[in-house]
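Below is one structure, written out as structure tokens, with a few remarks after it.
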Amino acid sequence: MAVERTLSIIKPDAVAKNLIGQIYARFEAAGLRIVAARMLQLSEEQAGAFYAVHKERPFYKDLVTFMTSGPVMVQVLEGESAIQKNRDIMGATDPKKAAAGTLRHDFADSVDENAAHGSDGPETAAAEIEFFFGRDGICPRTR
Ligand code: RTP
Ligand code: MG
């Protein structure tokens, strides 16, 4: 297994529900470290660019509207198999199909407002981390 980094977003619904701490606790309990973090209000341009891969999908406009509806908490998670681990912690895209104990099962109300985002592979993880933190935006760990 390799140490990886992945991009995680706590979406506006979960931030509004005051769940940042509970979600961070789950990352930490799974052995993932938060190595960078920022809270921000996404502009329409930022949300549209971040989800550009879904531009032609019927849900794209609603997704951009939702992602700009309030602040998001964006973090880089680091650890063994961090990309898959974070996807496992989040659960299936649709909360109705997500397993008990996952973020989406426990905290999300619908497929449109589903609490969290996680990169889906090494290439998207690298691109998404750079999108929010640039190339050198992460502190080196010294202890
Ligand atoms: P994410 O990118 O946010 O981590 O979610 P994901 O990989 O599990 O799902 P993806 O297929 O990448 O879809 C991105 C987000 O678009 C919304 N969506 N809505 N109404 C729908 O059928 C539908 N399908 C997707 C969700 O908010 C999903 O997280
Ligand atoms: Mg996705």
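Numbering starts at 1 and runs along the chain as it is shown here.
Glycine residues also receive a Cβ, built from the backbone N, Cα and C atoms like all the rest.
Unlike curated records, TrEMBL annotations are generated automatically.
Feature annotation from TrEMBL assigns domain 'Nucleoside diphosphate kinase-like' to 3-140. Mean pLDDT, taken over the domain 'Nucleoside diphosphate kinase-like' (3-140), works out to 97 on the 0 to 100 scale.
The annotation ATP binding site is assigned in TrEMBL to K11, F59, R87, T93, R104, N114. Within its own chain, T93 (ATP binding site) has R104, V111, N114 as residues 6 or more apart in sequence whose C-beta sits under 8 angstroms from its own.
For H117, the entry in TrEMBL reads active site, pros-phosphohistidine intermediate. Counted within 10 Å of its Cβ, the other Cβ atoms near H117 (active site, pros-phosphohistidine intermediate) come to 19, all protein chains included.
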Checklist outcome for this item: Taking DSSP helix as H, G and I and strand as E and B, the domain 'Nucleoside diphosphate kinase-like' (3-140) has 62 helix, 28 strand, 48 coil
Checklist entry - Highest CB neighbour count within 10 A among the binding-site residues R87, R104? => result R104
Item to check | Maximum Cα-Cα separation (Å), residues K11, F59, R87, T93, R104, N114 listed as binding ATP | outcome: 21
Next on the checklist: Quick test of your reading of the structure: among the recorded positions K11, R87, R104, N114, H117, whose CB sits under 6 A from ligand 1?
Outcome noted: N114, H117
